[in-house]
Every structure is written in C-alpha cells, then in structure tokens.
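K.L.:
Take a look at this one; I'll ask things after.
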Amino acid sequence: MGNTSIQTQSYRAVDKDAGQSRSYIIPFALLCSLFFLWAVANNLNDILLPQFQQAFTLTNFQAGLIQSAFYFGYFIIPIPAGILMKKLSYKAGIITGLFLYALGAALFWPAAEIMNYTLFLVGLFIIAAGLGCLETAANPFVTVLGPESSGHFRLNLAQTFNSFGAIIAVVFGQSLILSNVPHQSQDVLDKMSPEQLSAYKHSLVLSVQTPYMIIVAIVLLVALLIMLTKFPALQSDNHSDAKQGSFSASLSRLARIRHWRWAVLAQFCYVGAQTACWSYLIRYAVEEIPGMTAGFAANYLTGTMVCFFIGRFTGTWLISRFAPHKVLAAYALIAMALCLISAFAGGHVGLIALTLCSAFMSIQYPTIFSLGIKNLGQDTKYGSSFIVMTIIGGGIVTPVMGFVSDAAGNIPTAELIPALCFAVIFIFARFRSQTATN
C-alpha cells in the first residue's frame, strides 16, 4: 500500500507520498472479521451456560461464575496487550489475540473427553484473554482508519459484523450443542441409573467438541490472512511513544479526563447488563413459560440477536444523522424501561420485552467506547485498554444477578440489576450531551 501512517492528532489514514486519504478496504474487512469472531465466542457462552448447568448440576449463581472465569481473562489482558502494541504494533496485538483464541478453544476437546470442568474454565479464560487482545487492538484501529469525524460510524459499522456473529453463534450453538442432546427434566433424570446419568451428562459435554474445533480452524485461517496482509502504521507507533512516557504517567493524565472516567463506568455497566440479560434469557423462558424447553427457548435467544442486529443497523443510521451521545441516551432509557417490564410483568410479556431490549443494547458498546477514547491523543492505547478491561462487568454482574434470582426464587426479579446498569449509561450519555457543546 505504500508508505502510510495514521496521524495521532487527526486519526486519519494518509499516503505520505500523495498526501491524500487512502482506502484500506482489505485491512478494514479483516478487522470486521475479528468483530464477527469475538461475537461467536462471547455468545456461545450463553449456550454453554444452560448446557453446563445440567451437565455439572449448577445453581444459577454457580452457572454465572462461568461468565466470571471468561471475563476475568478479558480483565487482566488489555494492559499487557496495550504495552505489547506500544512496543510493537496493533497488528502484533491482533495476531497474539488470535493465537490465544485458538489455543483456548482447542482445550475444549480434551476437557470434554475427560469431562473436566476446571479445564473448560481454563479454556474459556484463555479464549477471553485472546479476545481482550483483539478488542484492545481492533476497536481503536477501526476508529482511526479514516477521518476522526466518522470514527463513530466506522466503529458501529464494524460492530454490525459483531451482531451478525452473535446470531450465527446462537444458531450454531443451538443446532450443534443444545439440540444435539436434548435436555431432560428432573423427573426423567431421577429415574436414570447412575451409569445412565453419567453417560447422559458426558454426552452433553461431548457435544461442544465439534463446534469449538471448527472455531479453531477458522481463527487460525484468519490469523494467517492477517499475517500476510500489510496494515497501515499509526503515527503514534512511530513518533509519539517517546513523548507518551511511562504507564503511570499515562494513567495520571487519563484520570484527569472526566469523559474517559465516565466511559469506563458506563462500559462496565453495559457489558454487565448485556451479559446478564443474555445469560439468563433461556432460564427466564423455561421458568416463566409453561412447557418451555431449553432447546426451544434458544429460539428467543436467536431473536435477541436478530433484534441486536437490526438495532445496530438502525442505530448506525441514526448516529450518522444525530449526535452519538443523544442516540445513546435514548437507547439506554428504552433498554432500562424494557428491563423493568421484564422484571414486573413476567410471562410472555416479560420475555418479549427482554428479547426486544437487545435492539436497544446494540449501539451502546461502540458508542460508549468511541466517546470514551475521543481526544485522548497519545494516551489512546492505554485509554482503550482500560475501557476494554471493563468487560469484567460481565463476570461480576452476571453472578450477582444469579445470586439475586436464587434469593428471590425467580429470574424476573433479578432483571432489576440490568435496569440499574442502563440507568447509569443514561446518566453517562446525558453527561456527554451537556459537555459536547462546551
């Protein structure tokens, strides 16, 4: 592609020789594939949760800890990933993330063979560490591949592939995992002999092998393509790092930036709310709708992903025409209202409200992210790393919601937790609205 860079201040890809904007179609397409791939891993967790809950006899709280193991990997990796990218490049962070992703997924084969729950959790942790690298690199990279003014649009466009990956993951998981071995009622399980029960539970676990081996192959293929593709270098990679100083100096500067601090809190709440809502949606349906099975309830989970996908398209269109923080405020307020309906109405009404809520979650993550890293300049890498670290919210809010549901004796009451999270996001959006014109 020639001698290229992305300016730190304007965040615009240019050709040094021609002095004109360049179109990085192939790099952008490969970056979009990463958004697809990490959506697959994230949303397969919502399939694994009810599968492991029956196979390993877990309570709602214990099942929520699956997300804790997963998101802890997200929590610890962004800072090391940011340091790696500072010393090398965004591309190095992406390749590292893909290899970790493949390694973690590969562990599912031996874990299923020996039916070792701990090894599954280790695999999920490693997958999440890889995804943390990918998100730390890809999210800011997408925002700087062009004019800063259209960074929100590019990130939301890339996140559309994330929504598509979420739909594929649920359909993929439903057909190859949940439907492969039908879940049995407790009455049926009680009538099984110890040998039959053991064989049945092992069959539930073995059903995850094929899907995750397919994932390993695809991830390694994408890693190879990225290794062979030339990506534009960021000017900060080559010129600004000397001025950036130490990690502590960067953190000190970031701590004084109010919109970044709010973005960290808002993103923690968003990931927590989204993960909790999706993780317990199948349980919500089974508990609230008489005769509902986990396999059929997965159709509602697919519906949430379709709503998410549609919401992403409409949200991206709205953001191209209205101020991003105003669209975010409206979406957060509607999502909060739908969670409250699911908490107090229950039944089919609550389930439909919970399904529709995903349409209004759709643009929240990328919009919070792009608002949070705006004007961070030389601190963009570390600033984005901290925002990615807030994904630990999915590992904290989910078990909290599980604990509340166990204590209340039902899932709907626990929907008040994500409603509270969306209220915080609404406050963040209003904060952005008040300061955007100052």
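Cβ atoms here come from the backbone N, Cα and C positions, even for glycine.
From a predicted model like this one, the values you see are computed outputs, not experimental measurements.
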K.L.:
Do the topological domain labels in Swiss-Prot for Glu288 and Gly346 match, putting them on the same side of the membrane?
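P.N.:
Same domain label for Glu288 and Gly346.
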K.L.:
Are the transmembrane segment (118-144) and the transmembrane segment (380-407) near each other by the rule of at least 3 C-beta pairs under 8 angstroms (pairs 6 or more apart)?
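P.N.:
Yes, these stretches are in contact.
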K.L.:
Taking the Cβ of Asp46 (site 'Important for activity') as reference, which residues of that chain separated by at least 6 in sequence fall under 8 Å from it?
P.N.:
Val170, Gly173, Trp278, Ser279, Leu281, Ile282, Leu301
K.L.:
Using a Cβ cut-off under 8 Å, which residues of the same chain at least 6 positions beyond either end of the transmembrane segment (194-227) come close to it?
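P.N.:
Contacts of the transmembrane segment (194-227) (Cβ under 8 Å, skipping residues fewer than 6 from its ends): 30, 33-34, 37, 40-41, 44, 48, 51-52, 54-56, 91, 94-95, 98-99, 101-102, 105-106, 108-109, 111-113, 115, 172-173, 176-177, 180-181, 183-184.
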K.L.:
Could you give the residue numbers and ranges of same-chain residues that sit at least 6 residues beyond the transmembrane segment (348-372) on either side and whose C-beta is under 8 angstroms from one of its C-beta atoms?
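P.N.:
The answer is 139, 143, 151-152, 155-156, 158-159, 163, 259-260, 262-264, 266-267, 270-271, 273-274, 277-278, 281, 284-285, 288-289, 300, 303-305, 307-312, 314-316, 318-319, 324-325, 327-328, 331-332, 334-335, 338-339, 341-342, 383-384, 387, 412, 415, 425, 428, 432.
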